[in-house]
Amino acid sequence: MSDGATYSIEPVLDADTAAQVRELVARAEQRDGVSPISEHQLLRVSATDQSAPWRHVIARASDGTLAGYAIVDPSGDDPEAEIVVNPDHRRGGVGHGLIRQIREIAGGRPALVWSHGTSDGSQLFAAQQHAEATRILWQLRRPSSPLPDSEPSSSVRIRAFEPGDEQRWVELNAAAFAHHPEQGSWTLDDLRAREREPWFDPAGFLIAEATDQGAGGVPAGDIAGFHWTKIHGPSTEQLAADPSLAREALGEVYVVGVDPRAQGLGLGKALTIAGVAHLQDLGIPEVLLYVDDSNTAAVEMYRALGFSEFSRDTQYRLT
């Protein structure tokens, strides 16, 4: 199918193109109700490291308009990609053109492509590409309502994230998510990039620190677990200036992690409840989280806490 668009593959985007990509992602999210590009990939849009492994695919219409965008990371065993097509250029072949570029970057290897929201259109598109669904990520939501009591173990105290916690947090995150490469591979730079985001609030980044007796195998004073919350909508600065804006916000259980040495103390549940309580205390009416469909224990725990299915993301294997 000839779509009339021209395609380029770039290691780094200039500031103007990066701004156009962010604007396109925002337009698509407003149109579809879900962001087509995940946060960690969107942070890469403005990255300036020429040696980074990922590549940006830019699709331009004949009038120069940004018709579509894809980001491809070919560094893993299976290259991973995400795409967005300009709402004004859909059903014109741009999506197929982006897939061709993804295949070229993948160099003949199968590529994993995310469909956020898993709409009927995306399922049809995946079928046209003979792509196989390999993973489902549920978005669960919970309206503000009373939470069950869950006191943390006396072996920890829960406090807010502080400067100086960064390196210890990166090490704990790697241990907690050793079998989850997307999360467990985060570096100090990844953490600091999020600290610079307008939504970052250390008060909502809860740390479970081992007390004098230690927590399982975690020594006193070290981090045994964490619950990093996130607020969508008003920025941290805006909320500080006008707390009533919380009524327009959406909270998120961003990441919950527990040191493997502290498993069995009930920290995961206690931290989850503490983080949701923090968001509710701010006046936020609803909280979301993402959980892998295969993580049945976590799904059951979240449902028991009042979360229910809202939408799903699907990862397709493209050969």
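Placed from the backbone N, Cα and C atoms, the Cβ positions cover glycine too.
Look at TrEMBL and you will find Ile83, Val84, Val85 tagged as acetyl-CoA 1 binding site. Around the Cβ of Val85 (acetyl-CoA 1 binding site), the number of neighbouring Cβ atoms within 10 Å comes to 26. Val85 (acetyl-CoA 1 binding site) falls within a strand segment according to DSSP.
What TrEMBL records for Val256, Gly257, Val258, Gln263, Gly264, Leu265, Gly266, Leu267, Gly268, Lys269 is acetyl-CoA 2 binding site. DSSP classifies Val258 (acetyl-CoA 2 binding site) as strand under the three-state reduction.
The domain 'N-acetyltransferase' feature in TrEMBL is assigned to 7-143 (among others).
TrEMBL lists 156-319 (among others) with the feature domain 'N-acetyltransferase'.
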Fewest other C-beta atoms within 10 angstroms, as judged across Gly266, Gly268, which are the binding-site residues: Gly266
Nearest recorded site to Val85 (acetyl-CoA 1 binding site) by CA-CA distance, among binding-site residues Val256, Val258, Gly264, Gly266, Gly268: Val256
Whole-number Å value for how far Val258 (acetyl-CoA 2 binding site) lies from Ile83 (acetyl-CoA 1 binding site) (Cα to Cα): 33
Binding-site residues compared (Ile83, Val84, Val256, Val258) - the one with the fewest other Cβ atoms within 10 Å: Val256
